[in-house]
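Chemist: Have a look at this one.
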Amino acid sequence: PSRLGGPWLLSLLARLLLWGSPGAWASYLRRSSSCMPIPHRMALCYDIGYSEMRIPNLLEHETMTEVIQQSSSWLPLLARECHPDARIFLCSLFAPICLDRLIYPCRSLCEAVKRSCAPVMACYGYPWPEILNCNKFPADHELCIAAVSMDENSSSRRMPRASCKDCELEEASTAREILESLCANDFAVKIRILRKNTTTTISDFDLDPSKVEVLKHGPLLRTEIPARLQQWLDIDATCAHNIMRGTQAGVFVVSGEVQSDKVVVNKAYAWQKRNRNLHQAVRRWKHHRCPEQVG
């Protein structure tokens, strides 16, 4: 028997029991497809909450080799954490749960994932594929897999937009290189970031307003920097996640550019005792003159 788990799956099974017994279409599915274990090699959906899937799947992949190959191309998108239900949505199509009925994702689930993930795909030149056209999927009042991240407590929460940048902590190589980086960016600040929660797929982050040290404000007013940086934390979930590296709080020196209605962080350094080059650069910054200031 298949191993079942996860609140979204239990909810689906409850709806199935209320829906009634399977009809002719379910009988046809049993004859035309087969149930197979989800293999370890299918990283997208292995351990999703059930252990067997239907072949062919809902995307008309007829062999497990094809399923593994096609599904693996979506792993980089999941790594961007563009939507907490992206994996459930994709697995409902790549590895449909092995029940008497074929259960599609709800149209609203598709639309929610598309809103958050399509812009990230566009960053890399990939449009939202026609095979995932949300109009193909059933409305919410029909039997389908609904979003699980939008309960009554979180439905009004604005979904963070994943970053198009591969934002990672920089190695504090030399004080001179750090100073050159600070000069090259519009602004530079030393800040403390706090993780607000650990229960959702995408974490929320807060800026500690009492721990903001402005090194360079550039075109920004000093007074507006905390609000603009909090906006960055709110919308650039992937960048903040990568910088925090699973920690609950941390102090960082970040620098970046101002783009019309937002700020973009280009460089981030962890403020730690062992980063002597970073400490030296920040001490020297007060008296440092950038190349364009010389002459």
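Glycine is no exception: its Cβ is also placed from the backbone N, Cα and C atoms.
Positions annotated as disulfide bond by TrEMBL: Cys45-Cys91, Cys110-Cys134. Here TrEMBL flags 30-147 as domain 'FZ'. Sequence annotations record features per position, and here TrEMBL assigns domain 'NTR' to 164-290. Marked as signal peptide by TrEMBL: 1-26.
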Chemist: Express the predicted model's confidence over the domain 'NTR' (164-290) as a mean pLDDT, rounded to an integer.
Modeler: 86
Chemist: List the residues of the same chain that sit at least 6 positions away from Cys110 (disulfide bond) in sequence and have their Cβ under 8 Å from its Cβ, in sequence order, or write 'none'.
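Modeler: The answer is Phe89, Leu132, Cys134, Phe137.
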Chemist: Counting by DSSP, what is the helix, strand and coil composition of the domain 'FZ' (30-147)?
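Modeler: Tallied per class, the domain 'FZ' (30-147) gives 49 helix, 11 strand, 58 coil.
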